[in-house]
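Participant: This is the feature table in TrEMBL:
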- 1-30: signal peptide (SIGNAL)
- 106-230: region 'Disordered' (REGION)
- 107-126: compositional bias 'Acidic residues' (COMPBIAS)
- 134-155: compositional bias 'Acidic residues' (COMPBIAS)
- 158-171: compositional bias 'Basic and acidic residues' (COMPBIAS)
- 172-193: compositional bias 'Basic residues' (COMPBIAS)
- 591-1058: domain 'Major facilitator superfamily (MFS) profile' (DOMAIN)
- 678-698: transmembrane segment (TRANSMEM)
- 705-725: transmembrane segment (TRANSMEM)
- 766-788: transmembrane segment (TRANSMEM)
- 800-818: transmembrane segment (TRANSMEM)
- 858-883: transmembrane segment (TRANSMEM)
- 903-928: transmembrane segment (TRANSMEM)
- 940-960: transmembrane segment (TRANSMEM)
- 966-987: transmembrane segment (TRANSMEM)
- 999-1023: transmembrane segment (TRANSMEM)
- 1035-1053: transmembrane segment (TRANSMEM)
Amino acid sequence: MLACAGFSVVYLLRVNLSVALVAMVNSTYANSKASANNPECQRNTSKTSEEKLWYDFQQSETIDVPGSIQSFMIDLQKVNVMISSRHLKMAARYLSPEEVFRRVLNDDSDGDYSDESEAELSEEDDNNGRSEHEESEEDESDELLPDEANSEESDICGNRDRSPIRPERQAGRGRGRGRGRGARRGARSGPARRRQDPAEPNIDWSDQYSPVQIPDFGEPHPGPTRRFPNVNTARERDFFDLLFTNDIWEILVQETNRYYDQQKATDPGKHKRPWAPVTRDEMEAFIGIIILMGIVKLPRFEMYWSQDKLIHQESIANIMSQTRFLQIWRYFHLADNAVAIPRGTDGFDKIYRVRNFLNIILINIRDEYRLGMNIAIDETMVPHKGKLAFKQYIKNKPTKWGMKLWVLSEATTGYVYRFQVYLGKEHGQQPEKHLARRVVRDLTVTETGKNHHLYMDNFYTDPHFFLELFDKKILACGTVRQNRKQFPKDLIITTRMQKQMDRGDYLWRAHMRLVATAWNDRRVVYHLSTIHPPDLDGQPATIKRKSARGGNVDINCPPAQLDYQKYMGGVDLADQLIKTFSVIRKSRKAWKKLFGYGLEVCLLDSFIIMKKLKPSNTEFLTYRKEVARQLIAGRSFRGKAGRPPTQPQAEVDARRLDGSYHEIADGEFQWDQVTQGLILGSFFYGYIIPQVPGGWLAARVGAKYLFGFGVLCTAVLTMFTPAAANHSVEMLILVRILEGLGEAVTFPAMHAMWSNWAPPLERSKLCTLSYSGLSIGTVIGLPFAGLLCSSDLWGGWPSVFYIFGMLGILWFILWMILAHNKPANHPSISEMEKDYIISSIGSGQDDKKRNFRTPWRYIWTSPAVWAVIVAHFCNNWGFYTFLTCLPSYFKEVLNFPISKNGFVSAIPFLLYFFVMVGGGQVADWLRYSQILTTGEVRKLFATGGFLIPACLMVSTSYVGCEDTTLAVVLFSIALGLLALNASSYNVNHLDIAPRYAGILMGITNSAATIPGIVGPYIVGYLTNNEPTRTQWQKVFYITAGIFVVGWIVFLLLGSGKQQPWNTPFEDLLVPIDIPREPRKPVLTDILSVSNPESPSSPGVE
């Protein structure tokens, strides 16, 4: 048991660095670049805006509306490509009261400005005050784009006198949900407001309704259009890449670098800071930080890098320096200013800088998804309070000032399918008529003919337009204003009528499929619908409302109200999800906020696609964190904030941006994978040297002292490891080499010990029982080290080395008190046990008195010895791969945090313990029962210990990134079966030459140490640049191949017979008669202390 405890301590001291190194160096998911580079996870998502069109217009009629979005869309039969929105000619400005009055009474009006005109008016500032903004050193003047003054932001607080209701100059306001747009509240509408459009005939309303079958929905496969080969292996980044494609990354990198060059050429004195061109990896890390900043919101960018620990964000500061981040933000660009059309010129586009970016996103979100049956149209606001030509004010929106976008979304999920930026009207032009109709046509242009159920509010709803949509096979439902043209006048409920009606009563009229209702709730609500009948089989629908006495009551309502309340909130749902952790930040540049909205749409829509393809309880917040983590991981890293630089900034940036992979460090040391492999492998540089001398010394000075002082040396040096790591990498490597020197003698010493203590028929179980301490130490060490690393005890990871070192010293004291070299010297064992051991082994093992010479020539030329050497080498290659690299694999590929990493990594070693102990018992039982000979037992266990784990290693390499349970099971079985080798080659030293078992263990363990030296280095080399599952497959293939080689060599050359040269050298001159193994062991001979040299002595072959 002391030997078992000793090897437990040995492996406690050995595995501590394997786990602690993760906390010292690696950041969480530092190599999450994996899935993006996995072939099975890659998607061909590249598109160009020239290949596809933003809209697929299917109408043949020409709509002569100056300033309409259709003005930059030419008939597709005449032009093959889309003319960009430079031809948009919409602007907004304050209008005087006289202008408002003229518009209400103007004869050229169709009397419907109250609901479809461009009445949202823009604020016109003189921008006397400069807004307070957060970007340090941000010079965002665009000298190459003429007349950029209107994109300067002013603080709304500095212009309070410019109220939106200022009487002498009314600022722009949006529509309220409860009133129209043109006339003031309470004003009478003149006759011009009721003048009908001659192109739209009267609608004959009736109180008769003929039930009509609702057409079936025409989209056969709503939802995501792309199917992943194995969706379980897809990570969050893969879904995000469906929408945020390579085209977008190329634009971000190319235009940012181009904009710096343009600014530098224009004013070199203003852009003196050294600049390194942005790379794709750095831009991905930059966007990842932007997403992370939306989750962890601070008022100013600089605060994330603050040295104030209360607000400092280590996760961001370690990725990119503040200077570099602000530098990229300053020059961040999405379009080439050199080809911009100047302001005031025909074709000028107000959102030129972001137009191409938004076009690509619109193409992607449309191509990757098919809308469900219920859809909704509404507005959303992107906040902006600076001076902007198309800034809007909508009083009933949570965000009242900003840029208005028309949005089409799926009603149940909030999937944003299409959107338009509202740019207002150009100065001097008449407001656009039928604006609401044009917006709906544009947003639903690809959804005609499918019988979608479209929900909208009273801004868009009118009877003639609903009939037009019905002809296009779009069924619609929405609230409507009572003054809408062609709305049935006999449905209008006056105040007097409302007092006579009960809550829930409603009136209705129908025209073919179109149904109009007037419902008396707390106020009168009017509906139009081509979806719903006026009632449900003669009975009204019911809806829950709060009663005056408390609680909820069911009141009657038209069916249209029931579904309207259920499905109208699609855009609001999207807004709620987007704005909770929005990436949109305060900036003087409005286009940067539109970029933020586009990024938010990609995040939201890709999240919905993931939930559809891969149902789970994942929250949107969790998804955003994982996308940010996978964008950031493995891109670039910096030291702790506040630490003075050791190199000039230009040299640091040049090295960091050299295009190669750099590990992200959330510990104290910036060591890449190759350096970590060198540190882990340096232990074996010292470990390989004293192996053979250790076996020779164990037979002369005593195995007890050699084993004990070897463990003590390792324990003491382990406690000095943190100091060495803080000093330098070279000092740490030196300490690790010295640790290897101390631990190297333990295995030869223990084999020499068992040559004096283990009877032949108990060798397997005694050796496996003692060496099972290896797995016990690993099982205890991995999770305990993980807990210590994540704790605050003695600085976290240093506590691993201090505590394990003290355990080693404590064990040394117990070992020196209780252990003895030979049974004859032990004071505590019984005389019967002592006589049994001596009689079984023989008294000729006292080599100090015999003073024989070691038969080196016979040892090195023995096929049986070489079989053990090769088998030991191959076994240790796999074992060291498990021991030193398994924590990294679980972390980098399977994505387990460090506190969980240790427990998961310990599971295979726990199984290893049980298989080793049980295998030793079975092996000795097979030999004792004479079912198999010793050689057959060793080869049978070698088959189970090499061949089956090789197959499992290959199988594990194909387990997906998400199947962590299966991966753990396969790894556990593979490592557990590897323990069968403890009863094959590992005890074979005692079979073929018990006298020289210590020396043989030194020889074979020297060869078996080589994998410990080159293995971590090779693994680090194979996984350094792209630590993906594909890269790790190479590691598994190599390990499996080495297992097969070891099995074949041991099968062909291995032996269970005692070799002739095991007899003392001087006795080789006479013939050696090695007795055969008896068919049946005679236990009475054993109990009567029979002569060990007699033929009846069992266990000698």
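Keep in mind that glycine also has a Cβ here, set from the backbone N, Cα and C atoms.
In TrEMBL, annotation is done automatically, which means it is predicted and not curated.
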Participant: Can you say which of 705-725, 800-818, 940-960, 1035-1053 has the most Cβ pairs under 8 Å with the transmembrane segment (999-1023)?
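Facilitator: If we count Cβ pairs closer than 8 Å to the transmembrane segment (999-1023), 1035-1053 scores highest.
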Participant: Please determine whether the transmembrane segment (858-883) and the transmembrane segment (1035-1053) are in contact (criterion: at least three Cβ-Cβ distances under 8 Å, sequence separation 6 or more).
Facilitator: yes
Participant: Look over the recorded stretches 705-725, 800-818, 903-928, 1035-1053 and say which has the most C-beta pairs under 8 A to the transmembrane segment (940-960).
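Facilitator: If we count Cβ pairs closer than 8 Å to the transmembrane segment (940-960), 1035-1053 scores highest.
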Participant: Which whole-number mean pLDDT does the model give the domain 'Major facilitator superfamily (MFS) profile' (591-1058)?
Facilitator: 75
